[in-house]
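In TrEMBL this protein carries:
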BINDING   G69, A70, S71, D75, I101, G179, D184  ATP binding site
DOMAIN    66-250  domain 'tRNA(Ile)-lysidine/2-thiocytidine synthase N-terminal'
DOMAIN    293-323  domain 'Cytoplasmic tRNA 2-thiolation protein 1 C-terminal'
Amino acid sequence: MEGVEASEKVKRTTPRLCSLCNQRKAALRRPKTLEQICRECFYNVFEDEIHRVIVENNLFKPGERIAIGASGGKDSTVLAYVLSELNKRHNYGLDLFLLSIDEGITGYRDDSLETVKRNEIQYGLPLKIVSYKELYQWTMDEIVKAIGLKNNCTFCGVFRRQALDRGAALIQADKIVTGHNADDIAETVLLNILRGDIARLSRCTSITTGEDGPIPRCKPFKYTYEKEIVMYAYFKKLDYFSTECIYSPNAYRGFAREFIKDLERIRPRAILDIIRSGEDFRISTTTRMPEQGTCQRCGYISSQKLCKACVLLEGLNRGLPKLGIGRKKGGSGEDQEQSKWHLENRALSLHGKHGNVEY
């Protein structure tokens with residue numbers, strides 16, 4: 001018995017070796033596979049998986065100008081660093097830029113943009129910043145003051161998506177890459193199911209979107225876990241901004257995020273399984289999908305006469321900020337005005353592919 005106890009004690013005090021190289025001491029347990037590995041092997045498998053995703057999905061072509069959506073957060077910072085490293089290591093031949101959107105959120109975006117400016121120097125990548133104020137004549141602080149906290153994420157999401165395209169057009173980018181990770185995509189699959197949004201459900205797991213639009217977008221982190229991105233940034237000592245947006249705590253997506261985290265704790269593969277399920281969904285041929293056209297006012301992609309951004313801006317500029325949020329009948333004068341607006345701007349049947357957006 002004494003010999004067994006001594007043996008167990010030795011096992012407990014002996015450092016566990018990396019399960020991949022079997023040479024160095026294990027420094028972490030991979031959230032995706034639960035393997036005990038060393039830092040060096042973690043760096044290698046993390047970067048190799050992203051490289052494999054890029055190659056297998058033909059995300060880039062030599063000579064392309066790539067705009068990296070840079071917010072200063074962990075995802076975009078790691079994306080900029082890894083893409084820069086892989087571009088040099090594997091000779092992708094890409095011309096990389098950092099593209100940041102200043103939504104005009106005091107105490108949040110102004111601080112995170114300082115991080116992006118440091119990344120510009122650290123990684124040697126040119127930086128372009130475009131702001132809501134210059135594009136829409138509104139900041140998010142001003143929008144929240146007008147609309148309140150309930151629906152502010154709707155405005156920011158719509159404006160941010162269009163702002164990225166406009167910024168990419170200004171630097172003549174061929175593609176935009178974003179730091180959307182596996183957790184984000186799994187959340188989006190669940191949200192689209194809960195909302196019954198068939199159109200978005202059919203494309204939310206696509207690694208590249210907007211290929212028939214002005215500037216395609218791709219997600220090299222599609223199968224990369226958020227926890228591994230955090231670990232990579234921590235061990236590499238990357239410079240990133242970690243404060244959450246002051247206007248987002250009540251966002252609907254947050255509830256899906258908590259559910260995904262609970263699933264991951266029970267079964268780490270759950271995140272990838274949700275993504276695979278989303279990829280394998282088949283939309284019934286009888287389901288009527290919206291037909292993409294262009295906004296009559298700004299030329300942006302839209303299945304309506306006016307794109308969502310123009311509708312929201314119209315409401316803000318007319319002092320009716322709820323105009324583009326939802327359909328209401330009766331009620332207050334604003335609600336009646338909103339209902340009339342929606343009736344006047346129903347979807348049109350627009351055909352054909354949309355060309356470049358003019359700004």
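All residue numbers here begin at 1 and follow the chain in the order shown.
Including glycine, each Cβ sits where the backbone N, Cα and C put it.
All annotation found in TrEMBL is predicted automatically rather than curated by experts.
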Using DSSP, how many residues in the domain 'Cytoplasmic tRNA 2-thiolation protein 1 C-terminal' (293-323) fall into helix, strand and coil?
10 helix, 5 strand, 16 coil
Can you give me the same-chain residues 6 or more apart in sequence from G69 (ATP binding site) with a CB-CB distance under 8 Å?
S76, L99, S100, I101, L164, I176, V177, T178, G179
Long-range same-chain neighbours of A70 (ATP binding site), Cβ under 8 Å, sequence gap at least 6?
S76, T77, A80, L98, L99, S100, V116, N119, L127
Limited to the domain 'Cytoplasmic tRNA 2-thiolation protein 1 C-terminal' (293-323), I'd like the whole-number average of pLDDT.
86
Would you measure the largest Cα separation among G69, A70, S71, D75, I101, G179, D184 for the ATP site and round it to whole Å?
19
Which ones in the same chain are close to S71 (ATP binding site), with CB under 8 Å and 6+ residues apart in sequence?
S100, I101, S112, V116, G179, F241
For D75 (ATP binding site), just count the other CB atoms lying within 10 A of its CB, please.
23
